[in-house]
Amino acid sequence: MTSSTGMEAHNPLTSGDFTEVSEPFRLFAEWLAEAGKSEPNDPNAMTLATVDPDGLPDARMVLLKGLDARGFVFFTNTESAKGRELAQTPKAALVFHWKSLRRQVRVRGPVEQVTADEADAYFATRPRLSQIGAWASSQSRPLEGRFALEAAVASATAKYALGTVPRPPHWTGFRVLPVAIEFWHDRPFRLHDRVVFRREGEGADWSRTRLFP
């Protein structure tokens with residue numbers, strides 16, 4: 001485990017003193033920044049959990065692409081399994097786990113689509129081949145073989161040539177509006193630090209509760 005005792009001694013956001021912090025978004029942003037320095041790959045990776053039409057849980061890894069005062073933002077194909085599940089049941093849970101820091105964050109709440117302007121702005125920042133891929137991939141649908149995917153990529157590449165690749169209508173972002181955010185920090189002998197922040201809905205005040213490990 002990478003030691004950060006010097007920093008922890010002076011920064012309540014990154015030490016056991018985080019249990020006294022009153023603003024969870026600020027605490028999360030600090031932890032994410034710390035993870036960016038120590039995680040070997042994708043510190044913004046998170047498990048996204050949804051439920052299917054039968055009520056069975058479904059989970060996969062996605063990347064956090066935005067964090068603001070309202071919530072946690074990711075982008076995807078609305079025709080994918082997760083897109084269809086969120087359309088039917090717009091609620092989700094997220095889990096961030098940073099092994100290098102021995103920390104975990106859990107998030108739960110309703111989900112909304114981002115605005116078209118937000119989706120357009122983010123799509124414009126993606127590498128061109130990723131933009132092409134958004135058109136070429138019928139995400140979560142059966143694929144006959146790799147050649148079929150490559151043919152779809154070639155077709156989309158030819159279609160847009162050297163021009164701007166527009167955002168597909170089925171590609172957008174979702175924002176998880178948290179009603180609960182739990183922070184977990186590993187401690188010796190499994191005497192971990194756990195704090196959960198809860199609120200009744202967006203804009204409501206947060207309550208803070210320390211939990212037994």
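From the backbone N, Cα and C atoms, a Cβ is placed for every residue, glycine too.
As annotated by Swiss-Prot, FMN binding site applies to Arg60, Met61, Val62, Leu63, Leu64, Lys65, Phe75, Thr76, Lys82, Gln104, Gln139, Ser140, Trp184, Arg194, with the evidence given as sequence analysis. A sphere of 10 angstroms centred on the C-beta of Phe75 (FMN binding site) encloses 20 other C-beta atoms.
Residues annotated as substrate binding site in Swiss-Prot: Lys65, Tyr122, Arg126, Ser130, Arg190, Leu191, His192. His192 (substrate binding site) carries neither a helix nor a strand DSSP state and counts as coil. In the shown protein chains, 16 other C-beta atoms lie within 10 A of the C-beta of His192 (substrate binding site).
Annotation note: Lys82 (FMN binding site) sits in a helical segment as assigned by DSSP.
Our reading of the substrate binding annotation (Lys65, Tyr122, Arg126, Ser130, Arg190, Leu191, His192) yields a largest Cα to Cα distance of 44 angstrom. Rounded to the nearest whole angstrom, the C-alpha distance between Leu191 (substrate binding site) and Trp184 (FMN binding site) is 11.
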